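According to Swiss-Prot, the protein carries these features:
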TRANSMEM  32-52  transmembrane segment
TRANSMEM  53-73  transmembrane segment
TRANSMEM  93-113  transmembrane segment
TRANSMEM  116-136  transmembrane segment
TRANSMEM  152-172  transmembrane segment
TRANSMEM  180-200  transmembrane segment
TRANSMEM  221-241  transmembrane segment
TRANSMEM  252-271  transmembrane segment
TRANSMEM  289-309  transmembrane segment
């Protein structure tokens, strides 16, 4: 594949780069990895049953490595457009610090390592879901959907929604309605989150030909879709309470967070088309990250509280 270099310092295939450990760590997309690790850990905590702490740690490390591997493969394939977009031009490959072939090998080795170790140490169901997640993100989303359809992140968002299901499967060796709800919370959250970003990064996406919804369908359609997905996310966020694997108290917290999420999305909907500052979109993007962390934190706190009460007979 062709890699564009804005700095004239492209590291060519076949040549050893002078990459640092920090460059390879950046290749793993640590910010994305942190969200993956957090939601996978939530799946471990929320699942009924017990997993040995050592196996739990191994599971989380394998999921983190698998997420990092898919990030490396994504950066390898997207290096040509990363070089053009302002927010990605300084990534290791387009900046010439890591050769594309090194990034590809790094991602493939980590992918295989994470899946095999998770299967051998924990169970093969969780390893299979992890393998499918890596494939879905690196191949289905990155190589196919991202550059071919404005629904790229709607379908591709499934890759980011699997971690809590993997964590759940590590404990139970099963996929259940409860773990599917955890999947759906992230799956439905993804469009509003990324389309908010796409609104204030429209020019970048247009420059590289990635058909994000605002560029293809326009701002107004995108804003309608953001509100719709925010509502769906808020509704799905309270389902754990209705399905009985979270308390009424959690439901109130989730409802409040969902109401704020919807409010922020409506602020984006009311934003005039062509607004250059895009402040409501930036606020929604920031709050959406907080929302996801807050919902899964509330679920874990609720679960730990119920375990405490069941073991002690009450708070006092």
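From the backbone N, Cα and C atoms, a Cβ is placed for every residue, glycine too.
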Determine which recorded stretch among 32-52, 93-113, 252-271 has the most C-beta pairs below 8 angstroms with the transmembrane segment (152-172).
32-52
Segment proximity, the transmembrane segment (221-241) to the transmembrane segment (180-200), 3 or more C-beta pairs under 8 Å:
yes
Looking only at residues six or more beyond either end of the transmembrane segment (32-52), which have a C-beta under 8 A from one in the stretch?
59-60, 63-64, 67-68, 71, 122, 160, 163-172, 178-179, 182, 186, 245, 289, 292-293, 296, 299-300, 303-304
